[in-house]
């Protein structure tokens, strides 16, 4: 209603931070105003009575004055697509309001709850580093009255006193559904803190952030020997969610929710903590122990009881307390396994008087290792005792193969590793051998300033010419202030409806009946589609809405249209669909191979004769996780069947065609408009067109505007992601490391419909050689048809999967020969003008230069020696280093996709409006096009504007994809500008000292057209699969990446210590944007190869549907030292201004971290007497890395059905 659209809705679960705002309250006791960053998507508005809310619009704007927080993230190039930027800004702004001179640790802690999928985080950190130094209590609530807010289906009650709270809990007991929410934020007793010699009593309503400050104060107030419990609890609190979550999540809520992965309950239970439970019948003190937790989300609390306070005891003399956790991501992630451990020794003795060991994440509730504790009590803390404990823990902690969360063997392994760490953490004050100290030393975490190096502009270039200069993203400031408009920011129109998709809950079934819920405006089914009911991709039809049969969980069946989002969601949930299950379900590539379930054609390419041998590697899929989900607004004009479609897509013309065919109208009745995208990465093309078509059917049928914005879970379920790939390879090689023959077979899990899978399988084969000249080479690829949601294009389009198999082969050859992988890579690299395996000639000179530069810049050989020394001196921490090259083809093999057009208008005041076919999704295409127009028209960029991408302005456009957007559209804009500049030449000659504005008005008066269409035909590329030869790419982009990691062998956790990247991108049009693309792609690759996992149930249901289950890299995953170098002295005659495409190639360089982890694992295996090749699948998660460090025994989890499929 107030049109404050700067705060973005990214996930709805507090996991991405895009919706961060600042909440402020006055504290009458201290007469201060306290500020908290919070997730707007989680905090109920009813809870904000008496508070002030500041959104990104409230701190500065381009119309008034920018706040330094907004300005610095923009000028540091820390905003690409911009969807996450307002949240970043508000997290940092809140930190500065509370702490004007933060440390770097404060900054990274404050931003830990914010995700970015574009930038790679480094420029954000560097921008906000400038705020760092060079080297509160809870309000006392008085005279509160009960507040009551009544909504359509729910009542909110905020009691004004403790008695009122107990009264309402008696009326509405917990555990029974009531349309009532009771919010106790006004009850002062819940926020009281009392410090006693025995410990600290903390009100259950205190937030985690407030509890953190209480513990920090207590650590200073108590004697050091009494603070073990406080320190252990403080360590865990710092890792509970992000700052926004800690600011609102409460101590009592964490305990009462009884979640088995809670980071607090194991340490609270181990540390002898108690709570006070209160009801109208009285109060009781309850120990927080194994008897308190009855099962998943169940405690001994009675339905009418509340948690009033929690007592945290001080540690006694000779008592040691420690907490541990392991999570899929170092910050803002639920623990895989956590633990709280406490031991109390007899005075002046190592004999154990009392011990408590609690684990979280190994059962339906926290688990007390009672039998292990019994083994220790009364015995001295020594090796024999501990050996018995390990054996007992193995027997005591049982997890079945179908245990929720999976990772059964890894979780059991972690219980032993964490106890081993507890043993070493100065429990008995015994000196630990030097080699073993690494087990308890934390991984490095201090982020250092990065270094970026690029070419200077050519000598003699005009100071006004912006090409080649590091120019800020043209809308970065608007993105930082929240003024940038995304699809869902468009104002609501009169009569607008909201659409929610209903998806299949079965993987393969016939639809027998769909019952419509009365009360919604309409339910759209396949029968409502007036035109084509399917889209055709590579010869296969995909239904827009399933009519008779569904082939995966998540297939779109119908859509509910209602007058609000809430009503549409409720209506969709109430739609009942009857299924008749079909038995021939296929989920894995092995099942597809067995049943010969493939999308044709299956491709093959070969040169020379191939020898035999056999290895394999599996690469998991990847979710796009663009911050802005699929978004649409379709407005029927009401005349001649015209439709305006506002959406977030990479390919507006494709959507235009899809909507027109679906509605059975000509394309000239449909106009598609794209202002900007909040990220895409290949995921906003095919399914986007289908979703837009469904939305358009609803708009056409109802005659009213219809909006559709997918929830994060819906988006992840429906739209698919990167293809999981099973790679099998055979390799022949000489003793000196030269590879003579290689044979590759790739199986990609395509899902239930073809989408772009056949094209992905083809591109896999075209990059089979990567950077290596292998004389005898064969590749075969197949897109497997399964009953999972279909996968689609994703940045790199199959190349990241292809090349990981190739580089794994190189690694195995090195391990087999006892040589270093970098030696094998260098021996086999292309070194002179050569032919690829599809007979395309190229010169690898710059590939070799990138390799040599990276070896030099990274100081590789000296660091390799240092790593060897580190590994000799440390038993449980190992370091690894890897350097990998890439040769990436730019352009579309389908030649017609390389064309582009543009429309340039010059207005009488001299301002210029540019329209072109590329869409702005953070890659900076509009900024680069602005630079192109500036150079060609010889005017400043301030006179040039790009409003949107529209099919009304530029028809028949091609997708912004394949790293070719600037190459094609830049040339089209250049053509249009040159046409206009040439038209002005007679006027310039006649008045050479005139201004641009003079020339334009003169041209108008002389009736010279000030509008021009530019066109770029593109390269004539092709690939003849019958002859197995062609020229599918315009040129190659070369790059080399080197990364070093440190690995904790006991837990598999790692940290990337340093990354150096050297890239040949010709002469960069905009170095700051290109470096941003390189860093962002690298971090996306790091996620692909080391942490991001899609999990499906045995019945094909996607488990990972949001940021709480699916972890993308965060600030804590950025290389501690991140350097990027653009190769000097390079040019490229095949693209605009000698530049090169860069959006996709460096995704693969994230594999340098994968292979560095493998190098560290190799060192650990060497210590265990294991040598030679071994299989490490991708992603190299902590689970895989940890288990690979030792010989793999048979799984202890048994033969039953696993929790998740191995796809």
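For all residues, glycine too, the Cβ spot is worked out from N, Cα and C.
It should be emphasised that the depicted structure is a prediction, and the values quoted were computed from it without experimental measurement.
The Cβ of residue 1144 (active site, proton acceptor) has 27 neighbouring Cβ atoms from other residues within 10 Å, across all protein chains displayed. Annotation comment: TrEMBL describes 1144 as active site, proton acceptor.
The Cβ of residue 19 ([2Fe-2S] cluster 1 binding site) lies under 8 Å from the Cβ of 7, 8, 9, 10, 39, 40, 41, 87, each of these being in the same chain and 6 or more residues away along the sequence. Marked as [2Fe-2S] cluster 1 binding site by TrEMBL: 11, 16, 19, 41.
According to TrEMBL, the feature [2Fe-2S] cluster 2 binding site maps to 81, 84, 116, 118. Using a 10 Å Cβ-Cβ cutoff, residue 118 ([2Fe-2S] cluster 2 binding site) registers 28 neighbours.
Annotation comment: TrEMBL describes 263, 325 as FAD binding site. Same-chain residues at least 6 positions away in sequence with a Cβ under 8 Å from that of residue 263 (FAD binding site) are, in sequence order, 236, 237, 239, 240, 323, 325, 335, 338, 360.
Using a 10 Å radius centred on the Cβ of residue 962 (Mo-molybdopterin binding site) and all shown protein chains, the other Cβ atoms total 25. If you look up TrEMBL, you'll see 650, 681, 795, 962 marked as Mo-molybdopterin binding site.
In this view, residue 797 (substrate binding site) is surrounded by 25 other Cβ atoms within 10 Å of its Cβ, with every protein chain counted. For 797, the entry in TrEMBL reads substrate binding site.
TrEMBL lists 1-59 with the feature domain '2Fe-2S ferredoxin-type'.
What TrEMBL lists as domain 'FAD-binding PCMH-type' is 126-317. Confidence over the domain 'FAD-binding PCMH-type' (126-317), given as mean pLDDT on the 0 to 100 scale, stands at 91.
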Set of same-chain residues at least 6 away whose C-beta sits under 8 angstroms from residue 84 ([2Fe-2S] cluster 2 binding site): 8, 10, 16, 17, 18, 114, 115, 116, 117, 118, 627
For residue 795 (Mo-molybdopterin binding site): intrachain residues, at least 6 apart, with Cβ closer than 8 Å: 681, 682, 1081, 1084, 1143, 1144, 1147
Residue counts (helix, strand, coil, in that order) that DSSP gives for the domain '2Fe-2S ferredoxin-type' (1-59): 7 helix, 19 strand, 33 coil
Cβ-Cβ neighbours of residue 116 ([2Fe-2S] cluster 2 binding site) (radius 10 Å): 31
Position of peak Cβ density within 10 Å, selected from the binding-site residues 11, 41, 81: 81
Spatially closest candidate among 11, 81, 650, 962, the listed binding-site residues, to residue 797 (substrate binding site) (Cα to Cα): 962
Cβ-centroid neighbourhood (8 Å) of the Mo-molybdopterin site, 650, 681, 795, 962 excluded: 680, 682, 683, 793, 794, 797, 960, 961, 1143, 1144
Span of the Mo-molybdopterin site, taken as the largest CA to CA distance across 650, 681, 795, 962 (Å, rounded to a whole number): 12
Any further residue of that chain within 8 Å (Cβ to the Cβ centroid of 81, 84, 116, 118) of the recorded [2Fe-2S] cluster 2 site: 79, 80, 82, 83, 85, 117, 119, 627, 678, 679, 922, 1080
By Cα-Cα distance, the member of binding-site residues 81, 650, 962 nearest residue 11 ([2Fe-2S] cluster 1 binding site): 81
